[in-house]
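A short write-up of the structure that comes next.
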Amino acid sequence: MIENVKGKLLLIFSVLAIAGIFLALGKVRPNLGLQLGLDLQGGQRYVYRLEFDEDQIANENPATLQRQTIEIIRDRIDPDGVLEPVLRPEGSNRIVIEIPGVDELQGAGASGALQRAVTLLGEDSLALRLDANYSGVFPASGGEVSVGAETVRYVEARAVKVGDEPVLDDQDEPVLDPQTGLELTRDVMGIELVVAEDGRGYQGTTKVEHPVGEPVSLISTNYIQNKIENLGQLYFGIVATPAMLNAGSGTDMESERAKLDAWFAEHSQATSLREFNALDPTQGGPHPWLRWVPEKRRINADGQVADSRTLAERARPLLRLENHPDYADRDWKFDGQRLKSAYPARDQRGLPAIGFEWQSRFAQKFGAFTGNFSDELMAIVLNEQIESAPQLNEPIYASGIIRSGSTPYRAEEVEEMVTVLRTGSLRVRPILESKETVGPTLGAAYVQRGWWSGGIGIGLVLAFMVWYYRRLGLISVVSLLSNMFILMGALSFLNATLTLPGIAGLILTIGMAVDANILIFDRIREERDNGRNVRQAAKNGFDKALSTIVDANLTTLITALVLYYFGTGPVKGFAVTLAVGILASMFAALVITRVLVHFSLERGTKEFTVGTWLVTANFDWMGKRKLAYMVSSVLIVGGVGLFGYRYATDPAHIIGIDFTGGVEVQVRMDEPRTKAEIDTLLASADSIAKAGEARAVTSSGSDSGYLQFRVSSKVSGKDQEERDSMARNFSDALKLALADVLQKGPVDVSPRAADGTIELTVYTEDPHPAAALGTLIEDNTALSALTIEADPTRGEGVFVVKAEVPEAVTAGAVQQQITTALAGKKDAAGVAYKLSSPIANESVVGAAVSDELTDSALLAILISLFAVVMYIRVRFTEYSYGFAAVAALAHDVLITLGAIALVNTLGLLELEINLAMIAAFLTIIGYSLNDTIVIFDRVRENRPRMERPLSDILNTSVNQTLSRTILTSLTTFIAVAVLFVANVGTGNTLESFSFAMIVGIITGTYSTIFIANPVFLALETRSLARRAALAKAESSKPATAGA
């Protein structure tokens, strides 16, 4: 049945092996492997403050800049949409970013010691050198290290030579050079950590000097953080010469250099020139024609810093063309915003470089710019450092390359910078305010329920296939499991993130992948019924099913490709998963299943016994089309109307926090508590706290639970004032709902004892030496004879104090005195005393799905539908097929939307439109397309050979494929029904996702028969009538005599 069986086997085992390799590498490589999403595993939470300058505040809308920054960061950290991060605006100048997984633990344990002292001045403040005996691995992509009590953030780790050491023999004696008699030496290699701009004194620590030998330890590493904070600011400028400051400037280069030196004399610890460039000339700042930018430090061939110049000595003056009277009207601004593309390239030396191409309208301007400054130095500035300054010998037009100075770029550097330049530069500097690890949004019980319900669903589908198709069913099981293995390997290669709806989607993929096998098996049965022997029936079955499988999957694949190209964020991620699933399913069905059937025949199989449900169906489907139109119209109008009414009157109950935004409150517990305890208290609340969703702050955890949780809920006020009011109400409700478990304090004073003493508990945000804290309190309050002990059972920073207090001093006065005593004070390690309140903070966060994201998603869906219509037009030669398919999928989505509104209004289920529901809608679209194309393929096959009315042909085609339609729907229904039954009433994302899919499967099966075919019949009938009328008109024209 198959030619070149060995080649097919080699292909199968190769694909499976590659998938296995990617799954295995995912265990050890941070950029490979599947990871669980925020709902299942939690991840890293960052809060960034946006540093707007005065011009931006005066001339632009900060909210717009905030949104633009979010979208740029989203594209950087998740270019393929598979990571599934959450990015939200917070207030007017902050961004909250949550990244699945805990990548920061990778590389933990790396340590070493300083090879040379680190001072507060000069080049030493920009790099750390570690000795050759360091342990662990300092990731090249950057991270955070502790040097003594100071935290330092670095952006790159390089291997460097740190010295020489003698070569010793077996007796530890120096080995001599036989020719010179001198001791032989060898290089001692170490590590250099290049510190980020503003990387010293990171996260509130104090910037101090460090001696040789001081320990250096890796705290954390996260390459994603580098992508977030990389401004990606690229521009091309001209290095100013003394001659360029002509008489009209009123200054000269010596005077300008003197101003810079004077500023450095007062700002000796400066690590950038931003502040100097921002100064007005009357305040000692540069002339309006100039800005100063430092050259990037030079590194020699050994990887060592070969540039001992200070920041001031490396500063070069660049012309501010926009302020210069000779060039202000030239529009010679060449930055990353005007690039058409950026890509990895090679320079003249064959070393890695960054290639770039200007947008077409700027190519000629760049040529004029470079031609005007012939023989001058053009500075290529990246993130406020001059990467290189080549001399301009001739005009440069459309494209060029950015090469490093003396040190070649690493391939990873080029890849990161290309990504940054493609996504655009950040116009606002993000400043990290806080970073923490948060737990999953779903409790362990819900996650476990999701896993076992998914497993049962898959098991039932596979069992049904074996029961109905016998031997062919066993073959389909092997094929489907192989399909799943290949799919997981591909997603591992893409470093995809699995959320609970994503896992449900994979389970659904198994259900839908069954369809290709059912198509093949039903064709084999039909060939046997037509008298073919089993071998010929098998061959014909695969051959005849091929076009149907290809058409059905290619239409969905086109949808996925368009969604990926035009979509962003989660839409793009869905497209990636969908495309990979389609390709894996086609390979499994057309290659693996065929090879397995071949071997079954070769081993002597005489018959393939299969079920015969509905194989002799003979229903007049088209005769019921008017009734179907009426039913569907009522359901669509009623459902969409109900949804619109709910959205207009009570949007908070139908639209999720992903679209509305909400409030987030961080609470502190009196002792370690489990997430299940907090969930129970919230669920039993009789206030708006009932809607709260809790997540543990992992860093506050212990074996018995967590001391801190973040509780979020959606708010939907019409303006910011109303939203702030709703946020305060939620916070107050939360205090009441969690009153029994919240931390007291921050200074909790117990009633006075009979002997006049009091006991109080002081809660601080950080741990401190108990004795020092006690002394500070006793010296600055009315308390005396004081004893103090830390209480680690209630967390770090909890202290129990016993003391005598004058009878006239009230508990409130004691609280106030301690608060005043600790204000502005620090312990010996430089850590500030900060009292810890039960409500650590509360904030209003914006929607995770911006208007721009929504618009791009809708545009992507519309373009994908257009592409599907055009493909079907090419394959089926008629537009009617495509329009009918689109009508069916629109019907399915609208019916599902109405069903959600109905159960929500009746209070049967707490469903809302969120990102998980959007994923369900997109899946329904794919399912509906696939189902419709299968029947249309049979219609296309039957029309040329059946001399009957089109309605009869449609009835026959539906009846012939009815068994396949019902079986495919049934297997998919089984998978999602188990998910729904297991999760109904939980309120988690699986409940809403599986409900939507159940409705979508039912209405998809219905619309394939009662909507797609009747719409096609109506369109074709009208088309045939129009063609007949045209033909009649042509035939009725009087003939004209020829010359």
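Residue numbering: from 1, along the chain as shown.
Note that Cβ sites are derived from N, Cα and C of the backbone, with glycine treated the same way.
Taken from TrEMBL, the feature transmembrane segment covers 450-469 (among others). Tertiary proximity for the transmembrane segment (450-469) is limited to same-chain residues at least six positions away from its ends with a CB under 8 Å from its CB atoms, namely 442, 476-477, 480, 500, 503-504, 507, 510-511, 514, 517, 521, 608, 610-611, 613, 967, 970-971, 974-979, 981-983, 988, 990.
The transmembrane segment feature in TrEMBL is assigned to 474-494 (among others). Tertiary proximity for the transmembrane segment (474-494) is limited to same-chain residues at least six positions away from its ends with a CB under 8 Å from its CB atoms, namely 12, 15-16, 18-23, 25-26, 32-34, 80, 82, 462, 465-466, 506, 509-510, 513-514, 517, 521, 576-577, 580-581, 583-585, 587-589, 592-593, 596-597, 600.
What TrEMBL records for 500-524 (among others) is transmembrane segment.
Away from its own ends, the transmembrane segment (545-567) comes close to residues 80-81, 515-516, 519-520, 523, 574-576, 578-579, 582-583, 585-586, 589-590, 856-857, 859-861, 863-865, 867-868, 871-872, 875, 885, 922, 925-926, 929-930, 933-934, 937-938 of its chain (Cβ-Cβ under 8 Å, at least six residues beyond either end). Taken from TrEMBL, the feature transmembrane segment covers 545-567 (among others).
For 573-597 (among others), the entry in TrEMBL reads transmembrane segment.
What TrEMBL records for 627-648 (among others) is transmembrane segment.
The domain 'SSD' annotation in TrEMBL covers 852-1018.
The annotation transmembrane segment is assigned in TrEMBL to 857-874 (among others). Residues of the same chain lying 6 or more positions beyond the ends of the transmembrane segment (857-874) and with a Cβ under 8 Å from any Cβ of it are 554-555, 558-559, 562-563, 565-568, 571, 881-883, 885-886, 889, 918, 922, 925, 929, 933, 936.
Summarising the annotation, TrEMBL assigns transmembrane segment to 881-903 (among others). Within the chain carrying the transmembrane segment (881-903), a Cβ under 8 angstroms from the stretch's Cβ atoms is held by residues 555, 632, 635-636, 638-640, 642-643, 646, 654, 865, 868-873, 909, 911, 913, 917, 920-921, 924-925, 928-929, 932-933, 936, 940, 992, 995-996, 999-1000, 1003-1004, 1007-1008, 1011-1013, 1015-1016, 1019, all 6 or more beyond its ends.
The transmembrane segment annotation in TrEMBL covers 915-936 (among others).
Annotation comment: TrEMBL describes 966-986 (among others) as transmembrane segment.
Annotation source TrEMBL lists transmembrane segment at 992-1019 (among others). Within its own chain, the transmembrane segment (992-1019) has Cβ neighbours under 8 Å at 500-501, 504, 508, 621-622, 624-625, 628-629, 632, 879-881, 883-885, 887-889, 891-893, 895-896, 899-900, 903, 909, 911-912, 914, 916-917, 919-921, 923-924, 927-928, 931-932, 935-936, 939, 950-951, 954, 958, 965-966, 969, 972-973, 976-977, 979-980, 983, counting only residues six or more beyond its boundaries.
Under the criterion of 3 or more C-beta pairs below 8 Å, with sequence separation of 6 or more, the transmembrane segment (573-597) and the transmembrane segment (966-986) do not qualify as touching, having fewer than 3 such pairs. Regional average pLDDT for the domain 'SSD' (852-1018) in the model is 88.
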